[in-house]
Amino acid sequence: MSAVGAGPTPGERDRALGALQGLAIGDALGMPFQLLRRDEVRAGWGAIVAGFAEPAPEHPLAGGMPPGAITDDTEQALLVARLLIAGEGRIEPAALARKLVEWEDDMRRRGSVDLLGPSTTRAVQAVLRSEPTETAGRTGTTNGAAMRIAPVGIATPADDLGALLDAVEAASAVTHATSLALAAASAVAAAVSAGIAGAGMTEALASGVVAAEACRGRGHWIAGADVAERIRAALALVEAEGPGLELEGAEREAAVAALLDRIVLVVGTSLASQESIPAAFGVLALAPADPWLAVRAAASLGGDADTIAAIAGAIVGAVHGTAPWEGGPATTVDAVSAERLGVSSLGLPVIADALLALRHRPSDERATG
């Protein structure tokens with residue numbers, strides 16, 4: 001682990017890129033299965049999907065998208081990353097709102113109906129009505145902040161938890177200023193940041209729980225199950241009912257598939273922050289040493305599958321780096337998505353390096369508000 005201010009190590013660069021690649025890969029894997037029931041995924045694509053799939057033509061959001069295409073999860077995360085880089089670590093709330101509107105307008109021009117989520121839409125409309133940015137996100141409880149927060153985890157060291165929570169709040173509050181959404185985003189950012197620093201999966205997930213717990217009292221209180229406790233419950237479910245470490249290969253994959261049904265029933269896979277983020281953590285606990293299995297399993301849950309798999313991919317990529325994505329997945333997603341966006345590449349290596357440069361600035365130069 002290199003000291004802040006000393007510049008990123010090769011390992012950090014690999015893990016930062018792995019996090020962004022994992023986010024995009026998980027998103028693309030889950031794209032065809034968002035809004036589907038778990039039994040629909042199983043009937044059409046198997047208990048655990050084998051890889052990138054073509055969505056059903058009649059799918060209300062993904063119909064017509066090619067296998068390997070990213071969705072709003074990755075596009076908005078990269079939007080946040082670029083704003084962080086351009087602002088030297090600072091995201092101006094009104095600028096984020098404007099960029100989200102521009103992004104949605106561009107999505108409409110491309111013929112997409114996968115637009116801003118409910119919390120973000122309400123908040124952005126409030127900002128456009130000239131309402132204060134400090135209050136625009138007071139009803140945002142869904143997982144929109146968590147799905148795009150991975151760049152903050154890459155750019156912010158986890159050893160100063162207060163600074164990390166400040167950075168999460170600064171990047172999220174304009175659309176998701178509630179206790180639930182901020183706790184969920186903090187859990188994801190902390191897990192990613194811990195992975196960048198060299199943590200293993202168990203330690204990274206534990207860092208996420210600690211961050212969600214420390215976030216209590218931040219944001220506008222909204223009734224709902226505590227995110228930290230829901231993550232703990234998901235991890236406890238996996239520990240109690242999950243496969244033993246002795247299982248390998250097809251036998252382990254079958255055991256993981258069986259527990260996905262339990263995650264759907266007990267944890268939940270909706271847009272709610274207190275369901276989708278614990279579900280992602282639970283899947284990672286199921287396959288901590290097998291990133292490709294983890295993201296495929298997350299995509300196989302159905303529900304908000306693209307977001308759950310994107311979050312799982314970002315965390316597992318931060319822990320394991322780029323190696324799990326070599327030999328196909330990263331190349332496929334970059335090529336397919338770049339073609340759809342009309343660019344030569346998603347530019348993930350450059351973005352990852354720029355985020356790490358922010359991470360390694362002296363603490364008194366970092367901006368969080």
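Cβ atoms are placed via backbone N, Cα and C, with glycine included.
Going by TrEMBL, these are the annotated features:
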BINDING   T71, D72, D73, D306, T307  Mg(2+) 1 binding site
BINDING   D304  Mg(2+) 2 binding site
Between D73 (Mg(2+) 1 binding site) and D304 (Mg(2+) 2 binding site), how many Å separate their Cα atoms?
11
Enumerate same-chain residues with a sequence separation of six or more from T307 (Mg(2+) 1 binding site) and a Cβ-Cβ distance below 8 A; give 'none' if the list is empty.
D27, G30, Q34, D73, N143, A146, M147, L271, S276
According to DSSP, T71 (Mg(2+) 1 binding site) sits in coil
Within a 10 Å radius around the Cβ, which one of these binding-site residues has the most neighbouring Cβ atoms: D72, D73, D306?
D73
How many other Cβ atoms sit within 10 Å of the Cβ of T71 (Mg(2+) 1 binding site)?
24
In whole Å, how far is D304 (Mg(2+) 2 binding site) from D72 (Mg(2+) 1 binding site) when you measure between their Cα atoms?
12
